[in-house]
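Peer 1: Below: one structure in structure tokens.
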Amino acid sequence: MKNKLKLKTSQLPLLAALGIFLLLFILGSVMYTNFLSLRVVLNLLISNAHLIVLSCGICFTILTGGIDLSVGAVIAMTSMVAAGLLRAGAPAILVVLICLLLGCVFGTLQGFLIQYFKLHPWIVTLAGMFFARGVCYLIDVKTIPITDNTFHAISQFKIYLLPGYFISLNVLIALVFLVVCVYISRFTRFGRSVYAMGGNYQSAVLMGLPVEKVKVLVYSFSGFSSSLAGIMFTFYTLSGYGLHAQGLEMDAIAACVIGGVLLTGGVGSLFGPFVGVLTAGVIRTMVDFQGTLSSWWTKIFVGTLMLLCIVMQVGIVKRGKIKKGSEIIDDANENSEDSEKDVIEIV
């Protein structure tokens, strides 16, 4: 019973995020005709699929107590590399594989610098952001349109749920990626190590966890997810451009915070970024339905909501409702042997 109570209290930020999302959706349904419809929900998923993938990837770095500011620039770099290779006649499948490998290598290099040179993640990933944007303009200073038949076919591919209601391939990729991320975070040693590092790094070291390897892998995964989001974004826009995804890293961080992920690490669920993305999407949709408001009001509302969520999280932590890393470590305590329990309780 005690463990079950702990699990519930550790989910308070996520439950609050779900409540905010439902409240906003109900408010939009009351204020605007046709807001409460399956089409609006599906459009939310279609337009934000790449952001879901991006937010899940950056969430792992935040859970360790780090950050990755380069993710938006990696999307732009991926779009430019893909468009440039396709323009040169490279096969679409090979282009996708090269872009995914590029993102993974890029993230690994950042993780290596952060871990082994003891550099701050903000500095390394900020430099990575400038580097990736610079690479875009080395390829071309203008927009590169994509005319490849395979990319166009994928862009137009639709999965019909009901007559007249469909989702794109990007949505399917995003949902599968979300499920994989949730599984990794909750049911693998890697996921438990991520939470332990964010909860108390020194305790994670004393526990004998492979913290050096995990930290590098976290940034490798963030780079991979950024390049995957870049491929999805390219399917969506059918172009490569150096100014693509400007500020998207902040949208991803905001989605994590709104979804209950603590910026200091160790607290949060991988389902949280998904809820955060949809919440921001609902706000954007409400602004669009209003018709008289500038799109910048979306930023104002999301920023205000993000600030309120941070204040709420700090209040919950200070009152002792949740402890860093407790969610995953409690699961590990339930499933491990007695000798392993003693080690985990150090955290």
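The chain as shown is numbered from 1 upward.
Placed from the backbone N, Cα and C atoms, the Cβ positions cover glycine too.
Pulled from TrEMBL, these are the listed features:
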TRANSMEM  12-32  transmembrane segment
TRANSMEM  52-76  transmembrane segment
TRANSMEM  88-113  transmembrane segment
TRANSMEM  119-139  transmembrane segment
TRANSMEM  160-185  transmembrane segment
TRANSMEM  216-238  transmembrane segment
TRANSMEM  250-276  transmembrane segment
TRANSMEM  296-317  transmembrane segment
Peer 1: Most CB pairs under 8 Å with the transmembrane segment (52-76): which of 12-32, 160-185, 216-238?
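Peer 2: Checked against 12-32, 160-185, 216-238; highest Cβ contact count belongs to 216-238.
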Peer 1: Can you find at least 3 Cβ pairs under 8 Å between the transmembrane segment (160-185) and the transmembrane segment (12-32), where each pair is 6 or more residues apart in sequence?
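Peer 2: Result for the transmembrane segment (160-185) with the transmembrane segment (12-32) is no.
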